[in-house]
Structure formats: C-alpha cells, structure tokens
Protein chains: 2
Amino acid sequence: MDESAPRQGRSVFVGLVGASQVLGLASVVLTGVWMGHYRQGFAWDGSAQEFNLHPLCMVLGLVFLHGDAILVYRVFRNEAKRNVKVLHGVIHLLALIISIIGFAAVFDFHRAAKIPDMYSLHSWCGMATLVLFCIQWVMGLLFFLFPVASSWLRASYLPVHVFCGLVLLVMAIGTSLLGITEKLLFSIMPTYSKFAPEGVLANVLGLLLVCFGVLLGYLITREEYRRPPNPEEESLSVHFKTLTEGGSPTTP
Amino acid sequence: MDESAPRQGRSVFVGLVGASQVLGLASVVLTGVWMGHYRQGFAWDGSAQEFNLHPLCMVLGLVFLHGDAILVYRVFRNEAKRNVKVLHGVIHLLALIISIIGFAAVFDFHRAAKIPDMYSLHSWCGMATLVLFCIQWVMGLLFFLFPVASSWLRASYLPVHVFCGLVLLVMAIGTSLLGITEKLLFSIMPTYSKFAPEGVLANVLGLLLVCFGVLLGYLITREEYRRPPNPEEESLSVHFKTLTEGGSPTTP
C-alpha cells in the first residue's frame, strides 16, 4: 500500500493537470462559440466583429496561456530548470502578444464606434492586470533569464514573483467575469433574465473560468507538486549566476 | 543590523495588517455611502432600499469579516491555539449570519418587484460561494472544534480547509465586483461612460476590494507569518484529539 502511494499521487496529479487543460480549452472554445455563433464572428475593421476578438484573445492569452506558463514548473518539475524557465518565458511572451492584440481590438472598436474608453470597472481591472503583467514579465526576464540581479536578490524576489503571478492569473479571471457580465447586459439585457441560451452559455463560460483558476491555484500552491530542490543546480546558480549555468538559487 | 531584522519584519507585518484593515473598512464604508447617498438608503419593505442592504451585508460579511476571520491565525499566531480557533469560528459565524441577511434582502426585493432569481453570472457565483462557505464552516466545526475526526484525518483535511478558505474569499471578492458592475449597468448605464461620480465611486470600491484581497492573500500565504509549530500543542492534540486539550495536529 505504501509503495503504491507515490504512483497514486502521480496519477492524481496527472488527472488534475488533464482536468485543468480540459477546463482551459473548453473556456477558449466556448468564448469562440459565443462570439462566432451569437455575436456574428470576427473581423478587423473597427466593427462589432473586431470587438469579438477581444474576449477570445484575453481568455486565450491572459487566462489559458498565462495559467499554462505557470503550470510548466509543476508539470516539468524533474526536467532541467533552464529549459523549463525558457518555456515559461516563451509561453508568457505568447500570452502577452495575444493579450495586446485583444487590447488593440477593443480600443480600435471603441474609436470607430465613438465609445469612451476606460470608464468601467472591467476596463480599470483589465488595464491594471495587463500593465502589471508586462512589469512582471520584464522583471522575470531581468531577474531570472539575464544575470542582472545578484543571487541574494533573485532568491528574495522569487516568492514575490510567484505570488504576483498567481494574483495576476486571478485578476485576469476576475476581469474576464466582469467582461462577460458587461457584454451580456449591453447585448441581451431584456432576455438575460429569461435564461436566454446566450446568457446561459456565457454564465457557464464564467464558471469554467472559475474552476480553471481554482484547479491551477491548487496545483501551483500544493507543496507536494513543487519542484524538488536540486543541490547541483543550486550551487551552479550561486557560483555562476547565469541562466546558462543552471537557473535561479531557489526553486519556485 | 541582523538583530533588528525580526523587529523590522514585525513592523512590516503590523503595517500590512493595518493597511488591510483600512482597505477592508474603507470598502464597507464606501458601500454604505454608495447605497446611502446615491441609492436612497436602507429599509426592509421589499423596495429598492431593501435591495441596498444586499451589497452592504455581502461586503461586510462575506468579504471583510471572512477575511479577518482568516487573518486571526496570523495576527494571534503566538496565542493559545484553542482561543484563536474559537475566535476564527465565531467571526465566521457572524460573517455567515450577515451574509444570509444579505441574501434574504435580495431575494425578498426580487419577489416584491417580480424580478427573476438566479439568472446572472453574479447570482451563480454568489450562490456557489455562500453554499460552499456554509459547507466549509460546518466541516471546520466538525473537524477542528469537535473531536469527530481522527488526528490523521484532521491533519489531511487542514491544507484543503486553508486553501478553500482563501478560494472562497477570492470568490466573494470576484462576486462583489460582478455585483458592482451589474448594479451600475442597471442603474446608471447612460451616465456611467461619462464618468458619473456614482460610477467612479463604485469603481474605486471595486479596486479597494481587489487590494484587500491581494493584501490578505499575501499575509496568509507568506511563510514567515505562519503560526510557529508548538510541539506541546501537537502532542496534546495527537494524544487527546479534542479541542479542550490543545488544538489540531498541524498548524494552519
């Protein structure tokens, strides 16, 4: 019974990661179906179809890819840290690019339709999330991918970086929920309270995003899923202080 | 310099706890000002004034008191665990009662105004949060205040209880933000985009709630603010397995 415990733990981990991917992908697909089927699809011409790119890009970039970029540290916790770190940075870069396209889409739509910017709680939370996400990405690059900071500074910053990453994921999900509510009240206010299919679909999307966030939060914070300490990596990191020599001084 | 480090750390902790209380109280006051000044105050007669009790009760109960109930484990981390545990349970009970009054207010208002219930994402998230909050409270009572579960079971459940408590706080804050957005779009849609003072005040309330949540999350998850292990409490707990003999087998 004792011998099978680690294998059981591994199965639970694989199951939870699989479930998180199903939830994340389902959220992206459901956003696409909502915008594609109920909101007349996508375009880049300042029309409402350009706006439709905004939710799709934000859910794909700032929620799904952002979450997966964090998750790589748990999924590949026995791989070389340097590789995982590069993967983490690359997925985050992809998330950032897609999110910026999503931001451009909504500002372009607002400009064409003469709708004021930045008045709603959704826009305030969204802007705060994207700006902090950019700062977090640049800080991560400087501290962990280029040997700018000392080992001590990197070790001190690491828990802050990890905490802020999770906070930003939660903020991205919360902002998405605000966006869903805004969009429904702008588009289908008279039928939303009659349980119109579009409203139910968007509500289900909101719940999927919440479940994705809870599962990611569990996988990231659970002690047993953390990267095991590797003394070889630690010493290399302390002595040479560069990414090419073996990663950061402590494990995220 | 080294000798003053713990004192400095203590000052930072006190400062952060103080800031969290300012943010939490400011959120409650701002909700009261919003409903009292812009939305014609409070009553219990099925009118819109009865609805106004809903946001006030939810921010006070499910956000501020819920957060503080968790925080007592960090603020009183050197007090007898039994007392802290009772305080934790009592504040949670208060939060639960106030939240249920808040729920009753909105359902009563809907009934009188013939508005359908439970169609919005806000209502789905809010109901999920309150139901899970009740389950979490009952489970906490059975596992940690009454000697129903074995020491092993209590130790296994503790990290889940702690994780769920934080998730529920985040869900409560997210649901509050959804409620703010809904209320603004129902009440002041034509002037919200013109930065009407009511809209700005409600947006600021939303940001205060986010900052309260981030600060609470930091204080609760930061390793150095956790309750130090107390071998005397541990052994008493393991041998006698009752609250009266010294608390749970591990520290939350």
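Cβ atoms are placed via backbone N, Cα and C, with glycine included.
The transmembrane segment annotation in TrEMBL covers A:12-33 (among others).
If you average pLDDT over the domain 'Cytochrome b561' (A:19-221) in this model, you get 97. As annotated by TrEMBL, domain 'Cytochrome b561' applies to A:19-221.
Long-range Cβ contacts of the transmembrane segment (A:53-74) within its own chain (Cβ-Cβ under 8 Å, at least 6 residues beyond either end) map to 13, 17, 20-21, 24-25, 27-28, 31-32, 34-35, 42, 44, 84, 87-88, 91-92, 94-99, 101-103, 105-106, 109, 126, 129-130, 133, 165-166, 168-169, 172-173, 175-176, 179-180, 183, 209, 212-213, 216, 219-220, 225-227, 252. According to TrEMBL, the feature transmembrane segment maps to A:53-74 (among others).
Residues of the same chain lying 6 or more positions beyond the ends of the transmembrane segment (A:86-107) and with a Cβ under 8 Å from any Cβ of it are 44, 50-51, 53-58, 60-62, 65-66, 68-70, 72-73, 76, 117, 126, 130, 133-134, 137, 140-141, 145, 243. Summarising the annotation, TrEMBL assigns transmembrane segment to A:86-107 (among others).
Within its own chain, the transmembrane segment (A:127-146) has Cβ neighbours under 8 Å at 62, 66, 85-86, 88-89, 92-93, 95-96, 99-100, 103, 118, 153-154, 157-158, 161, 164-165, 168, 171-172, 175, 243, 247-248, counting only residues six or more beyond its boundaries. The transmembrane segment annotation in TrEMBL covers A:127-146 (among others).
The transmembrane segment feature in TrEMBL is assigned to A:158-180 (among others). Distant neighbours of the transmembrane segment (A:158-180): 54-55, 58-59, 62-63, 66-67, 70, 120-122, 125-126, 128-129, 132-133, 136, 139-140, 143-144, 202-203, 205-206, 209-210, 212-213, 216-217, 220-221, 248-250, 252; these residues of the same chain sit at least 6 beyond its ends, with a Cβ under 8 Å from one of its Cβ atoms.
Taken from TrEMBL, the feature transmembrane segment applies to A:200-220 (among others).
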